[in-house]
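To keep things clear, I will list the structure first and then write my remarks on it.
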Amino acid sequence: MNEKMNFNPGPTALPDEVLTKAQTGLNKELHSGISILEMSHRSQEYQLIHDNAKSELRHFLAVPESHDILFLQGGASLQFTMVPMNLLSKYNTAYHIVTGSWAEKAFNESQKIGKTQLLASSKHTTFDRIPKRSDWNVDVFNTPSYLHITSNNTIYGTQWQDYEDLPDLPIVMDISSDVGTKDIPWDRVTLAYAGAQKNLGAAGVTVIIINKELLVDHDTERPIMLDYNAHAKKGSLHNTPPAFNIYVLGLMVQWMNQEGGLQEFEDRSNKKSELFYRIIDQSNDFYKGHAEKSSRSKMNVTFKLPTSELNEAFLRKANEAGFVGISGHRSIGGCRISLYNGIEMEACEKLAHFMETFKQVHSN
Ligand SMILES: Cc1ncc(COP(=O)(O)O)c(C=O)c1O
């Protein structure tokens, strides 16, 4: 294992095997004299890489044939605009549940495009929870409409535990920070999107999984680069794709499939997160979790130490010990341990041990 153990919130650690294979993409001899960085995206060789990434992902996430998979650019953030721009011509209202800063950004952008209504928010409690169904403002929906949620809130460390309580509306999900760690109910989810840089590879490619029913003819008023159907019709090759990032995504997803697939990574994320929540719960408030227990994220564990001095000492010592990327987001401070699929259990165990030892030394 590397000396540095990377717990960054994204981009984050990739498995050594994936990094080693990615390097072969730069080797001209292995690729008919042209590396993947230099290759034409119209070549047959690139098409195989592109199709392979798509089929590995379809298999890994059990995406049904009713849905298409697109590889676009602009990050998950561009989807905050593209989703309402494309969907609000079919649906008349976008309902949003705001559970964190990214969810709030999606809500704000949607308001610029069309009729957007806030269904529930946990902003008043510093986004420490997923609002309960009983706290939602609306029970009768203007239909046809869709509901936008953010499945995991990277900054605050909360996560939807299941989707059973969601109303009977088509669901749009930002799955950027927990994709590949739990089942997605595709029969309910009309569109899901994720930047690749947490669980699926490297920054630069955004995955959109969209029900084909939404892929209707291009609205001539809509800029073509912001039109899902325009991209779908060309198999995500309307313009030059981020070829190397799609190649890395293919390698990462292939690795996850070979390791045992989605269920295996759900089990691993359960085990990794339990390790840290157990320490928090048994620490007598030395480590105080930000998220309400019933909304805890398995991807981002957020907590604070009793004083800002101790917090700083903890982060400094952790950094010296090789643990990288665990300071909390500036909006809530404290600490955040991100546990994406490329992070090894062994690194988690070492960090957990470090936390136990730090507590023993510093608690009275
Ligand atoms: C849940 C969530 N949505 C959206 C984003 C924004 O992603 P991007 O930087 O790809 O635009 C992030 C980034 O961390 C995120 O965690």
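Counting starts with 1 at the first residue shown.
From the backbone N, Cα and C atoms, a Cβ is placed for every residue, glycine too.
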Candidates THR125, THR126, THR154, the one TrEMBL lists with ALA76, SER77, TRP102, ASP174, GLN197, ASN239, THR240 as binding pyridoxal 5'-phosphate: THR154
CB contacts for THR240 (pyridoxal 5'-phosphate binding site) [other CB atoms within 10 A, all chains]: 10
Among ARG42, ALA76, LYS198, ASN239, THR240, the recorded positions whose C-beta sits under 6 Å from ligand 1: ALA76
Mapped DSSP class for ASP174 (pyridoxal 5'-phosphate binding site), helix or strand or coil: strand
C-alpha spacing of ASN239 (pyridoxal 5'-phosphate binding site) relative to LYS198 (N6-(pyridoxal phosphate)lysine), in angstrom: 25
